[in-house]
Amino acid sequence: MFTCFDVCCFVPLNLEFTFICLFFILDLMVLKEECEVLNEMEEKYQYHNQHDFMNGEKNCSQTKKCGKFFSQKRSIKRHMRVHSEEKPYACQHCGKNFSKTLGLKRHMRIHNGEKPYACQKCGKHFSQKETLKTHIRIHNGEKPYTCPKCGKSFAQLGNLGVHMSLHTGEKPYKCQQCGRSFNRKGNLNCHMTIHTGERIFTCQQCGTSFTHKGSLNRHLRIHNVVQPYTCQQCGKSFDQHENLKVHMRTHREKLYTCSECGKSFRQKRRFEDHMRIHSGEQPYTCPQCGKSFNYKQNIEEHIRIHTGEKSWKIKESSSFRFCSYSCKNTQNPDLWIHVRSLDWRRSLR
């Protein structure tokens, strides 16, 4: 056994088997521990710049796998798990297995909520360093993954895979209950709530639950008073785009003005209906008797005379029971006399 002492290095060495070279002063007991920091250093620094111990190195070519060099016997044993697919480290929460303790350590951040990697531009935190790197591409505008068919680029490889399914028509995620297929796993998960009735998105402020994340986001505007849709004319804001569209009608000019009486209308259809009063036009003609009408609803009511359809009937309500009286026209005075008589009888009870 040969030992190398250096200002910044403590090296126990056995030339017949292997050597260890660490760039820190460590206690021998620490060397025996399965420390992840130690493991990473052992694999990273395969050679020592001040000591040429090439004869002591072991490589993966002995197993005829990949030929990678290692400085420790236990390092090559740990590396061989990659080829053998051995995963001795299991998560106690979900049962997922890993070949290295470092992989398990990273995985545990999902369960304990630890997110040590923060984006310097927006402050968002991530549990994995690679996830942060992928996120930074959003800020940099970097899109390294390009579709070979249409040339569209993406920041994430997974998004490219989803996009490619549009070209291939592939929908690998299938619902086991109804057989419907989806190109995204997230879409399948949302679809499954239809069958299960599960509301997985819950408002943390009031406890209301929703089946879709978009519905929760719209609901949160109630608490946060987020009104992203603003009228450019008066500055009034709304939480939904449809409400802004309704509001914009109040600013619109009445574009359609009657030249006969000066009355104005916002909608072209109502303007055209109005003009028939002055022109006497009656475009709706009864196919049975030839009588014409200026409004569609008038001819529909007229046709009931021929068909014998009795469209207006006193319905059952909490105040009186169903009665047999019926008529063909809602404007029939007999109908209203009948209704008033029912109200009068009710008042006597």
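Backbone N, Cα and C define each Cβ position, glycine as well.
As annotated by TrEMBL, domain 'C2H2-type' applies to 58-88 (among others).
Per TrEMBL, the feature domain 'C2H2-type' maps to 89-116 (among others). Confidence annotation: the domain 'C2H2-type' (89-116) carries a mean pLDDT of 83 in the model.
According to TrEMBL, the domain 'C2H2-type' annotation covers 117-144 (among others). Note on the domain 'C2H2-type' (117-144): DSSP counts are 12 helix, 4 strand, 12 coil.
The domain 'C2H2-type' annotation in TrEMBL covers 145-172 (among others). Using DSSP to sort the residues of the domain 'C2H2-type' (145-172) gives these counts of helix, strand and coil: 12 helix, 4 strand, 12 coil.
When Cβ-Cβ distances below 8 Å are used as the criterion, the domain 'C2H2-type' (173-200) is approached by residues 162, 165-166, 209-212 of the same chain, each at least six residues removed from its ends. According to TrEMBL, the domain 'C2H2-type' annotation covers 173-200 (among others).
Proximity of distant same-chain residues to the domain 'C2H2-type' (201-228), defined by a Cβ-Cβ separation under 8 Å and at least 6 residues beyond the stretch ends, is recorded for 190, 193-194, 237-240. What TrEMBL records for 201-228 (among others) is domain 'C2H2-type'.
Residues annotated as domain 'C2H2-type' in TrEMBL: 229-251 (among others). Within its own chain, the domain 'C2H2-type' (229-251) is flanked in space by residues 218, 221-222, 266, which lie at least six positions past its ends and keep a Cβ under 8 Å from the stretch.
Among the features that TrEMBL reports, domain 'C2H2-type' is placed at 256-283 (among others). Distant neighbours of the domain 'C2H2-type' (256-283): 249, 292-295; these residues of the same chain sit at least 6 beyond its ends, with a Cβ under 8 Å from one of its Cβ atoms.
The domain 'C2H2-type' feature in TrEMBL is assigned to 284-311 (among others).
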